[in-house]
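Here is the structure we will look at, set down as structure tokens.
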Amino acid sequence: MAIEPVNINEFQELAKQALPKMYYDYYTGGAEDQYTLKENVEAFSRILFQPTTLLDVSRINLSTTVLGYNLSSPIMLAPTGCHKLAHPEGEIATARAAAACKTIMVLSCVSTCTVEEVASSCDAIRFFQLYVYRRRDVSSQLVQRAERCGYKAIVLTVDTPRVGRREADIKNKMIMPEIPELKNFEGLMSTEVDSEKGSKLEAFASEILDPSLSWKDIGWLKSITNLPILIKGVLTAEDAVKAVDVGVAGIIVSNHGARQLDYTPPTISVLEEVVQAVGGKIPVLLDGGVRRGTDVFKALALGAQAVLIGRPVLYGLAAMGENGVKACHRDAQG
Ligand SMILES: Cc1cc2nc3c(=O)[nH]c(=O)nc-3n(C[C@H](O)[C@H](O)[C@H](O)COP(=O)(O)O)c2cc1C
Ligand SMILES: CC(C)CC(=O)C(=O)O
């Protein structure tokens, strides 16, 4: 049955119809019991509004700024891997949608279009998400390429010393690194995996990701780039204070869309703690479970400068390409 989607959940339904099961499961799934996956969404439902009334709302303005860049609304596009699994235009379609929606796209380093292809496709404001690899030279080359082609910040993901146990991917023998190619790594390192069992994605990632990454490495990252650095994956006041101390430009409160360590708290439940610890010194952003405008409002009310949406972008892309991403960005406001 064809449906005219009016919200993100309906886009999810369309994505399910459009995608092979292996890819839909990869996009939608979380780690282990998927406790945090449910909680990311449900924790928003437990926060209720007690509105005051008779206020003049005839003129409203949703725009905001992040690191000095103007956004039409406080909803950015989170980094997610492999957009060509959802649509043949891949990250280029997503970037064009970001440009049309006047928002920031964070490009995943495991993208299926290169940093250069995405940069030359449109004038979207782009940040570049980085994993640190055992091969530091590969990480630094990627950072330098992003810097050269106009990405405005590095988003360092710190919650992935290894890939979470995603049981659907294990069952499906998820083959994401091979189909299609992870184009950023071409000529830098092999993306082939020598494993017949379980999730090839997990095997690939554990081969390349550097599990020794720690706070001291922020100094290394700062030494190889002039771009501002945001840390993605902070969930405690303690880490928020450390992030401020090492001099990053922003924090993203995130549990990786519940795909990494299960039984972490839902992000919205720890936002206030992080915001208080940061004390306004740097912007705090949030992702995880944001599905509509009331969620965005709750995050802003608890101190976030803006939010990011991950799966909603993939659902929109799978359902309708660039137009679907635009529609999901719009639906995340409604
Ligand atoms: C399919 C998929 C791939 C992802 N890939 C990345 C990635 O490459 N780098 C990263 O930092 N986060 C990645 N994430 C996490 C997102 O950036 C974001 O934290 C999460 O999706 C937010 O939750 P939401 O999907 O509920 O909006 C991925 C998430 C999904 C669903
Ligand atoms: C290569 C993976 C670690 C990509 C990712 O971040 C994810 O699938 O959540």
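Glycine too: its Cβ is placed from the backbone N, Cα and C atoms.
Among the features that TrEMBL reports, domain 'FMN hydroxy acid dehydrogenase' is placed at 1-334.
What TrEMBL records for Tyr26, Tyr131, Arg166, His256, Arg259 is glyoxylate binding site. In this structure, Tyr131 (glyoxylate binding site) belongs to neither helix nor strand by DSSP; it is coil.
Under DSSP, Arg291 (FMN binding site) is assigned to coil, being neither helix nor strand in the three-state scheme. Listed in sequence order, Asn7, Ile8, Asn9, Val41, Phe44, Pro312, Ala332 are the same-chain residues six or more apart from Arg291 (FMN binding site) with CB atoms under 8 A from its CB. What TrEMBL records for 79-81, Ser108, Gln129, Thr157, Lys232, Ser254, 287-291, 310-311 is FMN binding site.
Long-range Cβ neighbours of His256 (glyoxylate binding site) (same chain, at least 6 residues apart, Cβ-Cβ under 8 Å): Thr157, Asp159, Thr160, Gly164, Gly233, Gly288. What TrEMBL records for His256 is active site, proton acceptor.
Filtering Gly81, Gln129, Lys232, Arg259, Arg311 by Cβ distance to ligand 2 (under 6 A) retains the following binding-site residues: Gly81, Arg259. Not one of the binding-site residues Tyr131, Arg166, Arg291 has a CB under 6 Å from ligand 1. Neighbour list (Pro79 (FMN binding site), Cβ cut-off 8 Å, at least 6 residues apart, same chain): Val106, Leu107, Ser108, Cys109, Gln129, Val155, Thr157, Lys232, Gly310.
Remark: Gly289 (FMN binding site) has Glu39, Asn40, Val41, Glu42, Ala43, Phe44, Gly257, Pro266, Thr267, Ile268, Asp295 as non-local neighbours, by Cβ distance under 8 Å and separation of at least 6 in sequence.
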